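Colleague: Starting off with a structure, shown below.
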């Protein structure tokens with residue numbers, strides 16, 4: 001999980017080239033109650049971070065490249081450097097990576113985290129809805145992403161949640177990414193604006209009209225948009241199967 005192929009460059013956990021928010025603003029505290037902060041102990045024993053989001057009381061959705069030896073999820077957080085009264089810290093019982101995940105091509109970059117216990121749903125901890133399996137977001141639509149990643153190539157990761165509004169791009173805008181697949185991925189962020197997810201933001205959501213349509217996956221190692229997000233609608237049947245224990 002080192003060097004997100006930003007992925008290895010852009011969206012891995014912060015130490016691995018993961019993404020953060022560039023060109024955004026600090027989110028209003030607890031305005032995104034589905035957001036999850038992932039503290040990851042890698043297979044090598046180092047510490048990384050990713051984002052994720054709560055889709056059921058006992059399940060967090062994130063990117064497969066955020067896998068690790070051990071993961072602790074913090075829900076209800078705004079400033080992850082503090083022990084806020086709203087926070088719920090829950091260890092991950094099981095990491096469920098899509099069986100077709102390909103780290104070389106950055107495809108099927110999706111993972112479900114089953115928590116050791118159900119989260120208590122509160123005004124600051126809540127789930128976010130997913131799209132239907134046939135729901136595609138059209139190019140030109142404006143959506144949001146959020147995370148605790150870096151705010152610049154040479155900047156540290158953010159301790160407070162940040163957010164940025166991004167434009168959904170036509171697939172041609174991501175043609176520089178050799179293995180980009182429109183059916184399974186979303187091209188996000190105009191190349192004319194320095195706004196994107198960046199290192200440390202990996203696994204966070206792409207939010208369109210209150211629905212999670214994407215997962216931060218990878219992009220340019222220097223944080224230049226567009227970036228690639230996993231298209232959630234393509235995986236809705238798999239997600240439902242895992243959550244329902246089938």
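Our numbering is plain: 1 for the first residue shown, then up by one each step along the chain.
Note that Cβ sites are derived from N, Cα and C of the backbone, with glycine treated the same way.
Small disclaimer: the values here were computed from a predicted structure and weren't measured.
For 65, 109, 202, the entry in Swiss-Prot reads active site, charge relay system. Under the heading disulfide bond, Swiss-Prot lists 50-66, 143-208, 174-187, citing sequence analysis as support. The domain 'Peptidase S1' annotation in Swiss-Prot covers 21-244. Positions annotated as N-linked glycosylation site by Swiss-Prot: 102. Per Swiss-Prot, signal peptide is recorded for 1-18.
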Colleague: Sequence order is fine: just name those recorded positions in 109, 143, 174, 187, 208 with a Cα within 10 angstroms of residue 65 (active site, charge relay system).
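Modeller: Those close enough are 109.
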Colleague: Quick one: give me the count of other CB atoms within 10 A of the CB of residue 187 (disulfide bond).
Modeller: 25
Colleague: Compared by Cα position, which of the recorded positions 66, 109, 174, 187, 202 is the closest one to residue 143 (disulfide bond)?
Modeller: 187
Colleague: I'd like to know the mean pLDDT over the domain 'Peptidase S1' (21-244).
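Modeller: Summarising the domain 'Peptidase S1' (21-244) by its mean pLDDT gives 91.
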Colleague: Under a three-state reading of DSSP, tell me whether residue 109 (active site, charge relay system) is helix, strand or coil.
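Modeller: Residue 109 (active site, charge relay system) sits in coil per DSSP, no helix or strand.
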Colleague: Relative to the Cα of residue 50 (disulfide bond), which of the recorded positions 109, 174, 187 has the closest Cα?
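Modeller: Going through 109, 174, 187 one by one, the Cα closest to that of residue 50 (disulfide bond) is 109.
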Colleague: Closest of the recorded positions to residue 202 (active site, charge relay system), Cα to Cα, picking from 66, 102, 109?
Modeller: 66
Colleague: Could you check which of the recorded positions 66, 109, 208 is the closest Cα neighbour of residue 174 (disulfide bond)?
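Modeller: For residue 174 (disulfide bond), the closest Cα among 66, 109, 208 is found at 109.
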Colleague: For each of 102, 202, count the other CB atoms within 10 A of its CB; which of these recorded positions has the top count?
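Modeller: Its Cβ has the most other Cβ atoms within 10 Å: 202.
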Colleague: Considering only the disulfide-bonded residues 66, 187, 208, which fall within 10 Å of the residue listed as 'N-linked glycosylation site' when distances are taken between Cα atoms?
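Modeller: Checking Cα-Cα distances against the residue listed as 'N-linked glycosylation site', none of the disulfide-bonded residues falls within 10 Å.
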Colleague: If you measure residue 208 (disulfide bond) to residue 109 (active site, charge relay system) at Cα, how many Å is it?
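Modeller: Roughly 20 Å, rounded to the nearest whole number.
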Colleague: In angstrom units, rounded to an integer, how far apart are the Cα atoms of residue 66 (disulfide bond) and residue 187 (disulfide bond)?
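Modeller: So the alpha carbons of residue 66 (disulfide bond) and residue 187 (disulfide bond) sit roughly 20 Å from each other.
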Colleague: Would you pick out, from the disulfide-bonded residues 50, 208, the residue whose Cβ has the largest number of other Cβ atoms within 10 Å?
Modeller: 50
Colleague: Look up residue 174 (disulfide bond) in the DSSP assignment and report helix, strand or coil.
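Modeller: Its secondary structure by DSSP: helix.
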